[in-house]
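*Asks:* Quick one: structure below, then a few questions.
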């Protein structure tokens, strides 16, 4: 128990003295990237900017699907809307993810963040939507939402739940992949992949698909877990093995990406990261908050680079 409490404290990260969001121009840290990234972390780079190879437990596929990872989510698909079940951490994290999304995208699209439906008239796609816990609030904020997931059980659960509310019954749920949407020449004003990229077989190819789905000048939002020792201690050892917040084996540390690696992968796909934030959990309140600490959970807002005609 003492070890669990110690690891819980690690989840909080370094304390902050203000609730004001801090930004920093990190062009020197990303000298090989074109964009100026507004990043919360002030910590210096301790690792070279290299992208790790990802071990694939199945034969190569033309898509970024990882069948081993899909099987994990098939097993717990029926619990998506159980706020005390395996997806409890995501339910707790959701308000903070949505606060970041609302702030950055209202700024991006020139919308009023105080409006009850600021995303009216915009087309969004939620890639790896699961049971729809992000798709539904985006629809309530006015967006025309498409939710896609490769697990058919997830899509069935998402449809059933969305139909309970007229504001969310308009969501178009499809059992498909980002790659297939690209083949169908689909385009969206904003593309979301939240807590997904750490479960795909090929992050670089996956990001190329996200880029292809984003209209020029559109927005892409990705959240994931940093490949840091603190992330291993908290997201795997504590969350899966000690506190049992998640089923054991939910995450593989080697599949995580550092913020620098994610920015580089996106840059190669013509997606320019504009802003990053960390998510920090407070075990005393059971709540998450935005932070300048990107050492464990973090989220990135990026824009698709417009090319000259």
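Here the Cβ of each residue, glycine as well, is placed from N, Cα and C on the backbone.
A quick note: this is a predicted structure, and the numbers were derived from the prediction, not measured.
From TrEMBL, for reference:
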type	residues	note
BINDING	97, 128, 149, 194	S-adenosyl-L-methionine binding site
BINDING	195, 198, 199	Mg(2+) binding site
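Context for these features, please: burial, neighbours, distances.
*Replies:* Listed in sequence order, 128, 129, 130, 155, 158, 173, 175 are the same-chain residues at least 6 apart in sequence whose CB falls under 8 Å from the CB of residue 149 (S-adenosyl-L-methionine binding site).
Within 10 Å of the C-beta atom of residue 195 (Mg(2+) binding site) sit 21 other C-beta atoms, taking all shown protein chains into account.
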*Asks:* Could you tally the C-beta atoms, other than its own, that fall within 10 angstroms of the C-beta of residue 194 (S-adenosyl-L-methionine binding site)?
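*Replies:* Excluding its own Cβ, residue 194 (S-adenosyl-L-methionine binding site) sees 23 Cβ atoms within 10 Å.
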*Asks:* Which one is it: of the binding-site residues 195, 198, 199, whose Cα lies the shortest distance from the Cα of residue 97 (S-adenosyl-L-methionine binding site)?
*Replies:* 195
*Asks:* Take the Cβ of residue 97 (S-adenosyl-L-methionine binding site) and count every other Cβ within 10 Å, whichever protein chain it belongs to.
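*Replies:* For residue 97 (S-adenosyl-L-methionine binding site), the count of other Cβ atoms within 10 Å is 24.
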